[in-house]
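One structure is given below, encoded as structure tokens.
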Amino acid sequence: MRVFTTGQLLGTVVAVQANFYKVQLDQDVREPGSRGAGEEVHLDSPLPLYPLSLLLCTRRTRLKKIGQQVMVGDRVVVEEPDWAGGRGAIAEVLSRQTQLDRPPIANADQILLVFAVADPPLEPYQLSRFLVKAETTGLDVVLCLNKSDLVSPEIQQQISDRLLAWGYQPLFISVEKQINIDQIAKYLSNKITVVAGPSGVGKSSLINALIPDINLRVGEVSGKLARGRHTTRHVELFELPNGGLLADTPGFNQPDVDCSPEELVHYFPEARERLAVASCRFNDCLHRDEPDCAVRGDWERYEHYLEFLADAIARQTQLYQQADPESTLKLKTKGKGQSQYEPKLESKKYRRTSRRTQVQGLQDLYQEEE
């Protein structure tokens, strides 16, 4: 058990603003016994006026020198709190249990993936891409389908059966009708949860329902594209009434699946089930047209797997080309976002001679004739 010295506090970074860090202190440091002498207390306050629940902190120079970054979600030790000014200094970053790069969050426990069953309609390919991206994080995935009041119970059952075959048990909710919001709250209790999903599905509205006093900006769905406008600009943790922290992330439509081709198959629960009872003939099988493959078959998302695999192979090839300057191929970008590999010309062989070099050559020739 860690022992903290006098003047040290433990907390969680809930927001990063330039070189400042908003730290939410643990509950036990806000007890009446931890107040300094002479500090006034209002009896009708739910918590003592001092110490504060949040401190705006800087990072110690020592941490900067050793390159220790501070992320949202980090558990940190705060020294020398200035209760009057609401300031402090981060002296230490405790070891991280998990770490996400995009969005940059530490110590997250699970991902709450929010989609809508209507307005915008549920797109299987887009949902599959988000699910694979969520699986790559190694966190637990909770699938939540909003706007369930817009479809019939029969349609809900069809969607549920389909997603069960994918390996996921969806939870149908409606923020507008307050359907199953309490069930979502149970999943989030005492955990750090990352909320993800495309724009326009009701993520911000759901967070507003879970934390009524947060008042996140809510974007309407664009009529032209049937997609929501981006309403979340940065990553921040918000405290839930029943314990736990919620991280809202910037909305985006198609996340990158940035895993290796060999790893991809393990991010499909259906494929994992097949590999649990059988093995492929080849250890490096990519489950396309190899003989005696245990994964290839008639499961619904197999076509999604092949498309994501092609993307992963193309990405890996591009990384290899960028890392090898002596490569004989180069990636050339075409119009409309398309790209292709072309033979690389020999360096300097086809370069036009500069005018300066031509003049110098003429001067040398003139001097030789003299």
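Yeah, the Cβs are placed from backbone N, Cα and C, and that goes for glycine too.
Note that the coordinates shown come from a computational prediction; the quantities given were computed from them, not determined experimentally.
Record features, source Swiss-Prot:
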- N146, K147, S148, D149, G197, P198, S199, G200, V201, G202, K203, S204, S205: GTP binding site (BINDING)
- C280, C285, H287, C293: Zn(2+) binding site (BINDING)
- 97-255: domain 'CP-type G' (DOMAIN)
- 328-370: region 'Disordered' (REGION)
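In the three-state DSSP reading, K203 (GTP binding site) counts as helix. By a simple count of nearby Cβ atoms, those within 10 Å, the most crowded of the binding-site residues V201, C280, C293 is V201. Looking only at the domain 'CP-type G' (97-255), the predicted model's pLDDT averages out at 86. Of the listed binding-site residues, namely N146, S148, S199, S205, the sparsest Cβ surroundings within 10 Å are found at S205. Cα-Cα distance from C280 (Zn(2+) binding site) to G197 (GTP binding site): 34 Å (rounded to the nearest whole number). When Cβ atoms from all protein chains are considered, those within 10 Å of K203 (GTP binding site) total 30, not counting its own.
In this structure, C285 is the one among the binding-site residues G197, C285, H287 with the smallest number of other Cβ atoms inside 10 Å of its Cβ. Of C285, H287, C293, all annotated as binding-site residues, the residue with the shortest Cα distance to S148 (GTP binding site) is H287. For the pair formed by G197 (GTP binding site) and C293 (Zn(2+) binding site), distance between Cα atoms is given as 33 Å, rounded to the nearest Å. When the C-alpha distances from S205 (GTP binding site) to the binding-site residues C285, H287, C293 are tabulated, the minimum falls on H287. Here the candidates are the binding-site residues C285, H287, C293. The one whose C-alpha lies nearest to that of V201 (GTP binding site) is H287. Rounded to a whole number, the C-alpha distance linking N146 (GTP binding site) with H287 (Zn(2+) binding site) is 34 angstrom.
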